[in-house]
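Chemist: Handing you a structure now.
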């Protein structure tokens with residue numbers, strides 16, 4: 001019998017080490033079992049990478065993280081080349097261990113008290129008019145990291161009062177009341193929390209999360225701030241059906257969510273959950289039509305769509321796919 005992994009504080013556990021810590025075991029995918037990517041999933045890299053390297057250097061200089069890098073987002077080159085990034089606060093080690101996600105798991109260190117100021121200065125230096133701030137899950141903190149979110153929002157607005165801020169928050173498991181008390185005092189311009197997938201697959205895809213809890217978080221923030229758009233997203237291709245996706249969309253509307261993102265799941269490594277199917281661009285268009293018919297004010301649906309992909313355009317209701 002193999003010895004259990006003893007996690008050291010501040011150490012990132014990825015791939016096989018991370019998956020070994022998940023109760024619901026996932027067998028590594030053999031190369032011959034991988035689904036071949038269709039033509040529509042091919043990414044063209046920009047010819048000039050100087051802007052990309054500049055953003056990475058600014059992140060390193062200030063000890064900041066982007067979810068673009070930490071989660072191996074397929075749109076990193078495009079977004080960085082356009083001077084945009086989704087900032088990930090509260091460190092780069094997550095207390096959860098979702099088998100679809102490439103963010104490292106482990107025992108995180110204490111939050112950096114100077115991060116809000118460093119984040120605000122970096123955003124000001126980049127001249128951003130719209131920024132997305134997300135975080136790892138911090139189940140080790142009494143408020144789940146809510147006060148740190150609020151401090152970051154305040155610091156960013158102090159540097160640039162006209163900036164638009166979207167927060168992509170964790171579920172604040174067991175801490176919803178405390179977190180909402182904090183976040184409703186310093187609300188963002190868009191409140192985003194992703195359901196990720198359909199409830200039937202939650203035990204496999206989001207161990208430690210609860211579908212109805214996530215819906216309630218979105219609903220309660222909307223009740224406190226009816227004027228602020230709420231947003232959620234799903235990855236598709238993990239074994240769900242289109243009918244199940246549409247039912248989740250209905251649940252989101254019933255809980256007051258007004259903005260939707262749907263994108264194709266991509267397997268970060270062979271140790272993560274495998275892709276079960278590639279959803280065609282035509283199917284994404286059909287689901288977008290369903291979403292708009294349900295009353296979503298905006299729905300970004302396409303193979304490369306992620307919740308923060310061209311988030312500024314999404315917030316303006318412009319076409320993103």
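Glycine is no exception: its Cβ is also placed from the backbone N, Cα and C atoms.
Below are the features I grabbed from Swiss-Prot:
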BINDING   68, 73, 79, 308  [4Fe-4S] cluster 1 binding site
DOMAIN    80-297  domain 'Radical SAM core'
BINDING   94, 98, 101  [4Fe-4S] cluster 2 binding site
Chemist: Rounded to an integer, what is the Cα-Cα distance in Å between residue 94 ([4Fe-4S] cluster 2 binding site) and residue 308 ([4Fe-4S] cluster 1 binding site)?
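Modeler: The separation of the Cα atoms works out to 19 Å.
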Chemist: Can you grab the distance from residue 308 ([4Fe-4S] cluster 1 binding site) over to residue 101 ([4Fe-4S] cluster 2 binding site)? Cα atoms, rounded to a whole Å.
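Modeler: Distance (Cα to Cα, whole Å): 15 Å.
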Chemist: So how many other Cβ atoms are close to residue 98 ([4Fe-4S] cluster 2 binding site), meaning within 10 Å of its Cβ?
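Modeler: Around residue 98 ([4Fe-4S] cluster 2 binding site), other Cβ atoms within 10 Å: 21.
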Chemist: Would you list the other residues of this chain near [4Fe-4S] cluster 2 - those whose C-beta lies within 8 angstroms of the C-beta centroid of 94, 98, 101 - in sequence order?
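Modeler: Counting only non-site residues, the set is 96, 97, 100, 102, 103, 105, 136, 137.
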Chemist: Taking only the residues in the domain 'Radical SAM core' (80-297), give me the average pLDDT of this model.
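Modeler: Within the domain 'Radical SAM core' (80-297), the model's average pLDDT equals 93.
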Chemist: Can you tell me how many other Cβ atoms are located within 10 Å of the Cβ belonging to residue 94 ([4Fe-4S] cluster 2 binding site)?
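Modeler: I count 26 other Cβ atoms within 10 Å of it.
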Chemist: I'd like the Cβ neighbour count for residue 308 ([4Fe-4S] cluster 1 binding site), meaning other Cβ atoms within 10 Å of its Cβ, all protein chains included.
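Modeler: For residue 308 ([4Fe-4S] cluster 1 binding site), the 10 Å Cβ neighbour count is 29.
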Chemist: Mind giving me a neighbour count for residue 101 ([4Fe-4S] cluster 2 binding site)? Other Cβ atoms within 10 Å of its Cβ, every protein chain shown.
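Modeler: There are 24 such Cβ atoms around residue 101 ([4Fe-4S] cluster 2 binding site).
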